[in-house]
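Trainee: What TrEMBL lists as transmembrane segment is 33-59, 79-97, 109-129, 141-159, 171-191, 216-235. Annotation comment: TrEMBL describes 36-196 as domain 'Cytochrome c assembly protein'.
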């Protein structure tokens with residue numbers, strides 16, 4: 001019996017398994033797409049609501065003027081960065097414990113969200129600081145630890161993009177994802193531990209929101225960035241899982257000779 005004859009049953013089995021997977025995933029994929037679309041629409045509406053409140057409803061703060069309105073985006077973006085970093089930590093820890101693709105994809109998606117939201121923090125913060133402190137950047141404890149955190153997740157994203165995809169490289173990246181989360185509580189408590197000029201947005205010095213509309217706008221900001229970060233996380237997770245599955249099917253096809261014909 002020839003080699004082609006030996007591969008024929010495996011080809012049939014691979015095709016059958018692919019058809020079954022597509023049929024089984026069809027309904028789940030449709031429901032997932034609808035749920036994702038709802039989440040994306042909700043995040044868009046929340047962002048529009050935030051922009052409306054900030055532009056037309058919220059009063060201008062007396063001492064800082066219009067630049068104070070950056071806080072309605074800066075603080076929620078910082079919170080969303082925490083969400084992405086937490087997802088990266090959970091995915092990394094899950095991969096180290098279980099070693100499955102889903103956890104690895106979650107870690108990658110979380111790191112990407114953390115970078116995106118962290119860059120928003122690092123852009124909006126200096127814009128406020130230029131007005132409040134007269135300089136765009138100071139080595140304030142919270143600013144410095146926030147920068148360090150963003151650099152950690154940039155390193156994670158670059159590592160995953162430009163290195164291989166072996167088990168050892170995945171585990172190394174997962175270890176980085178776990179260690180990166182250790183900086184999050186340091187960011188949060190840096191002002192209490194080391195002092196600094198960074199304001200507490202809601203009630204603290206230099207950034208209190210006394211007017212009810214200000215607090216409502218900030219609430220819309222947190223809602224919009226939470227929904228947006230979840231939508232981005234879900235999107236990146238789905239894309240990475242689909243890419244991994246495609247690579248797996250291509251490898252299976254090559255192994256049975258389909259890719260060589």
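The backbone N, Cα and C atoms fix where each Cβ goes, glycine too.
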Trainee: Which sequence-distant residues neighbour the transmembrane segment (141-159)? Criterion: at least 6 residues beyond either end, Cβ under 8 Å.
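Mentor: Residues packing against the transmembrane segment (141-159) from afar: 78, 81, 84-85, 88, 108, 111-112, 114-115, 118-119, 121-122, 125, 169, 172-173, 176-177, 179-180, 183-184, 186-187, 190-191, 193-196, 198.
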Trainee: Mind checking which residues of the chain, 6+ beyond the ends of the transmembrane segment (216-235), have their Cβ under 8 Å from one of its Cβ atoms?
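Mentor: For the transmembrane segment (216-235), the list is 36, 39-40, 42-43, 46-47, 49-50, 53-54, 57-58, 71-73, 75-77, 79-80, 83-84, 87, 109-110, 112-113, 116-117, 201-202, 209.
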